[in-house]
């Protein structure tokens with residue numbers, strides 16, 4: 001396979017603050033790499049403490065005037081941003097593919113489009129979703145109102161950089177906050193374009209600032225006294241550190257962390273559909289999706305049919321140039337991630353799992369591309385490393401089970417609780433099983449569909465708080481209660 005050299009994706013500068021690009025060459029330099037070839041497509045600088053201070057000060061200055069605007073006026077700007085994103089979907093999707101290595105056939109339908117949906121949704125509900133309550137108290141009464149928190153920090157992951165930036169910015173902004181957003185150093189480019197588009201849509205300067213950085217930058221943001229809220233998408237270890245730091249200052253937090261989610265296939269399920277769900281829930285974005293159903297529990301009577309169908313369809317997937325619309329599976333985000341995933345595959349083999357297909361680097365790619373074949377293990381047991389730890393790559397574990405009670409107990413025997421799914425023709429059983437699963441986001445007879453109208457988030461070690469839907473506004477605002485007396489104060493002294 002020969003991959004055409006992509007155009008350079010160098011931004012005007014590393015950071016976007018107060019409505020314009022900003023550079024500080026004293027920051028640590030780092031490269032943005034196209035994962036399909038290993039080629040540098042941009043060179044940027046991590047934020048220095050001075051850049052962090054500048055971004056937060058800019059956000060703080062802009063926030064109060066923004067909060068004083070009506071929700072409808074704020075929402076109008078977000079809806080305009082959604083329109084611009086849709087007009088530029090091709091260019092934004094290509095940039096997302098260069099940034100992440102994900103196939104263009106995915107990014108064109110699932111990345112900037114989802115971000116635009118978030119801006120449109122929150123812009124649309126702004127006039128009504130922030131209303132408070134009227135509480136009659138006899139002659140007196142009280143009312144509540146939702147008020148913004150102030151300056152919020154968003155910290156993104158590298159699997160859906162544009163989507164994550166929008167999922168965090170949309171509820172924060174419509175609630176009257178400002179946001180300083182730090183994308184992953186692996187995928188630094190998309191958020192800068194989102195910032196440009198918001199300014200073009202009419203967002204006042206300073207309300208959405210983007211700064212670059214790595215694990216050393218996060219603490220500067222999280223520990224800043226002017227930051228009221230932190231929203232992180234990332235791994236469980238990172239989430240623990242960020243939550244602990246935020247707790248020291250009693251900051252509001254939303255944690256959207258990792259998972260090892262169960263997908264349960266009963267023997268009465270439509271096997272073709274269940275296999276499709278398992279493939280989407282393990283191989284989409286080369287398996288780099290936090291909610292993936294990487295523990296696929298298949299009832300024993302259906303196991304042979306399931307594996308035969310799965311093997312045939314997996315081996316028909318097209319791996320290759322992510323800029324080619326025919327490609328199903330692109331590279332992982334980096335060589336480091338490739339090495340991590342390959343090491344888990346070796347652990348699966350060593351611990352006795354049966355390798356059904358995949359398990360290595362595909363023959364049709366060479367050089368510096370971070371590719372891994374879509375991999376299926378069968379005969380996996382609950383104690384195997386590949387069944388317990390989040391791999392974040394195209395590795396599916398298929399486990400057997402006999403009955404409903406058994407599979408529920410095993411599915412819940414994990415520290416994670418992000419997601420789960422069930423495939424069955426018996427809808428009564430489907431509802432019973434999802435009620436029993438200890439997870440925040442669940443699907444019946446499908447998997448990994450996340451429209452912005454529904455809340456998304458986890459439980460247990462997979463995080464807390466919710467993104468998307470009107471529920472997200474509760475995490476970017478707080479209630480103010482006002483008691484109104486209609487009479488004189490009756491004091492006993």
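Glycine residues also receive a Cβ, built from the backbone N, Cα and C atoms like all the rest.
Non-local contacts of residue 168 (active site, charge relay system) by the CB criterion (under 8 A, 6+ apart in sequence, same chain) comprise 152, 154, 156, 179, 181, 231, 233, 467. Residues or ranges marked as active site, charge relay system by Swiss-Prot: 168 (among others).
DSSP assigns residue 290 (active site, nucleophile) to coil, not to a helix or a strand. Residues annotated as active site, nucleophile in Swiss-Prot: 290.
The active site, charge relay system feature in Swiss-Prot is assigned to 467 (among others); the stated evidence is sequence analysis. Of all the Cβ atoms in the protein chains shown, 23 others lie within 10 Å of the Cβ of residue 467 (active site, charge relay system).
In sequence order, 9, 32, 161, 187, 188, 189, 190 constitute the residues six or more apart from residue 99 (K(+) 1 binding site) in its chain with CB-CB distances below 8 Å. Residues annotated as K(+) 1 binding site in Swiss-Prot, with sequence analysis given as evidence: 32, 33, 99.
In the three-state DSSP scheme, residue 238 (NAD(+) binding site) is classed as helix. Every protein chain shown contributes to the tally, and the Cβ of residue 238 (NAD(+) binding site) ends up with 18 other Cβ atoms within 10 Å. Per Swiss-Prot, the feature NAD(+) binding site maps to 156, 157, 158, 182, 183, 184, 185, 235, 236, 237, 238, 258, 290, 390.
Listed in sequence order, the residues of the same chain lying 6 or more apart from residue 463 (K(+) 2 binding site) and placing their CB within less than 8 Å of its CB are 239, 254, 255, 256, 257, 418, 440, 457. The K(+) 2 binding site annotation in Swiss-Prot covers 250, 460, 463 and is backed by sequence analysis.
Taken from Swiss-Prot, the feature cysteine sulfenic acid (-SOH) applies to 290.
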Subject >> Cβ-based isolation winner (fewest other Cβ atoms within 10 Å) among the recorded positions 33, 236, 250, 290 >> reply: 250
**OP:** Count the other Cβ atoms sitting within 10 Å of the Cβ of residue 156 (NAD(+) binding site), across every protein chain shown.
**Re:** 26
**OP:** With H, G and I counted as helix, E and B as strand and the rest as coil, say where DSSP puts residue 185 (NAD(+) binding site).
**Re:** coil
Subject >> residue 236 (NAD(+) binding site) and residue 290 (active site, nucleophile), distance between Cα atoms, whole Å >> reply: 11
Subject >> In three-state DSSP terms, the structure that residue 99 (K(+) 1 binding site) belongs to >> reply: helix
Original post:
Rounded to the nearest angstrom, how far is the Cα of residue 250 (K(+) 2 binding site) from the Cα of residue 238 (NAD(+) binding site)?
Top reply: 18
